[in-house]
Structures are given as C-alpha cells and as structure tokens.
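> Here's the feature list from Swiss-Prot:
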type	residues	note
BINDING	PHE26, ALA60, LEU61, GLU62, CYS84, ILE85, ILE86, ASN117	5-amino-6-(D-ribitylamino)uracil binding site
BINDING	GLU89, THR90, ARG131	(2S)-2-hydroxy-3-oxobutyl phosphate binding site
ACT_SITE	HIS92	active site, proton donor
Amino acid sequence: MKNADRGVAAELDGSDLRVAIVQARFNAAITEQLASSCIAELEALGVLAKHIKHVTVPGALEVALALQALAEQKDHDALIALGCIIRGETYHFELVANESGAAVTRVSLEHGVPIANAILTVENEAQAWARADEKGRDAARVAVEMANLMEDLS
C-alpha cells in the first residue's frame, strides 16, 4: 500500500459505499491513530459516517475472524484491517505478522470482498508512529478504490 495515492484514479468516490474497519487494540495509541486517519480519509472521500462500522479486537491475530464475520454479513463494500505489530526479542513477531497477513488475504479471497490491510509490521515504535497517519489514509483510499473496482467488474 505504499504510496497508494500514486497511479490511482484521479477521483475516488466513496459516497455510495459501506465500509467496516477492524482495529486491533494491542499497541492502542498507534492503532487509534491509524483508525483516526483512516476514518477521516474515508469521510473526505465521501463515505458517510453512518456507513462506517468500526469494531475493535484484542490483537492482530483476532482481526481476521472479525473480518470474516463482517464479510459473511455481506453488508459492506470493503473492509479495512488496522493493527500494529512491533518486533520483540522472540519469534512471536514473525508468527503474528505472517499469520495475520495470510488470514486477512484468505478472508478477502474466500468472500470476494476487498480488504485494505494496514496492519503495520515494524521494527520499533518510532517506525510505527512514522507510518500511522499515512497508512491509515492509504487504507481508506485502497478500500474505496477496490470497492469501486469490484462494483465495475461485477
């Protein structure tokens, strides 16, 4: 999603879209910033606040299950995954990063719903803060673009 605003359609229109966000609470201050910038961008793109569903889960490994439940409802044009995984001293970082990313992709493919994945995987807290605003906005833009594309392709 790096530079998601480059090479996209000149105007992204989210005015007719319903979007759901699943936010992991682990590293809460960072994921709150991701959510704040994501929601602000969705609204700037025309998504009505009443059409944005925002739920939280304990951590990155729980994001996919909530996404799956939302996808099964078939009430949303796009979903967004928000989280922050910071490398520690053990193998746990790789496990959580790999499994959460694969699970998000699996839900998207199995349900045919676009999911913008903004679960940050970073080496340290400074890297997370440096990305929180931009990646939240990028996730919103990706969700709107892909929802519109899926509508065009159907």
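Glycine is no exception: its Cβ is also placed from the backbone N, Cα and C atoms.
Since this is a predicted model, take the numbers as computed values, not measurements.
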> Find the longest CA to CA distance in the recorded 5-amino-6-(D-ribitylamino)uracil-binding set PHE26, ALA60, LEU61, GLU62, CYS84, ILE85, ILE86, ASN117; express it in Å as a whole number.
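Across PHE26, ALA60, LEU61, GLU62, CYS84, ILE85, ILE86, ASN117, the widest Cα separation comes out at 16 Å.
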> Find, for the listed binding-site residues LEU61, CYS84, the residue with the lowest Cβ contact count at a 10 Å cut-off, counting only other Cβ atoms.
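Minimum Cβ neighbour count within 10 Å, taken over the binding-site residues LEU61, CYS84, occurs at LEU61.
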> A 10 Å Cβ contact count, applied to the recorded positions HIS92, ARG131: which residue has the minimum?
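Taking HIS92, ARG131 as the recorded positions, the minimal 10 Å Cβ count falls on HIS92.
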> Restricting the comparison to the binding-site residues PHE26, ALA60, CYS84, ILE85, ASN117, which residue's C-alpha is spatially nearest the C-alpha of ARG131 ((2S)-2-hydroxy-3-oxobutyl phosphate binding site)?
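Nearest listed residue in space: CYS84.
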> Roughly how many Å lie between the Cα atoms of THR90 ((2S)-2-hydroxy-3-oxobutyl phosphate binding site) and CYS84 (5-amino-6-(D-ribitylamino)uracil binding site), rounded to a whole value?
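Distance between the two Cα atoms comes out at 16 Å.
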> Once the DSSP letters are reduced so that anything not helix or strand counts as coil, what is THR90 ((2S)-2-hydroxy-3-oxobutyl phosphate binding site)?
coil
> For the binding-site residues GLU62, GLU89, work out the Cβ neighbour count at 10 Å and name the residue with the minimum.
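Each of the binding-site residues GLU62, GLU89 was scored; lowest Cβ tally within 10 Å is GLU89.
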> Between ILE86 (5-amino-6-(D-ribitylamino)uracil binding site) and HIS92 (active site, proton donor), find the distance joining the two CA atoms and give it rounded to the nearest Å.
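The Cα atom of ILE86 (5-amino-6-(D-ribitylamino)uracil binding site) is 10 Å away from the Cα atom of HIS92 (active site, proton donor).
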> Can you tell me how many other Cβ atoms are located within 10 Å of the Cβ belonging to PHE26 (5-amino-6-(D-ribitylamino)uracil binding site)?
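Result for PHE26 (5-amino-6-(D-ribitylamino)uracil binding site): 17 neighbouring Cβ atoms inside 10 Å.
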> Between PHE26 (5-amino-6-(D-ribitylamino)uracil binding site) and GLU89 ((2S)-2-hydroxy-3-oxobutyl phosphate binding site), what C-alpha distance do you get in Å?
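Here the two Cα atoms are 17 Å apart.
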> Name the residue among the binding-site residues ALA60, ILE85, ILE86 whose Cβ has the smallest number of other Cβ atoms within 10 Å.
ILE86
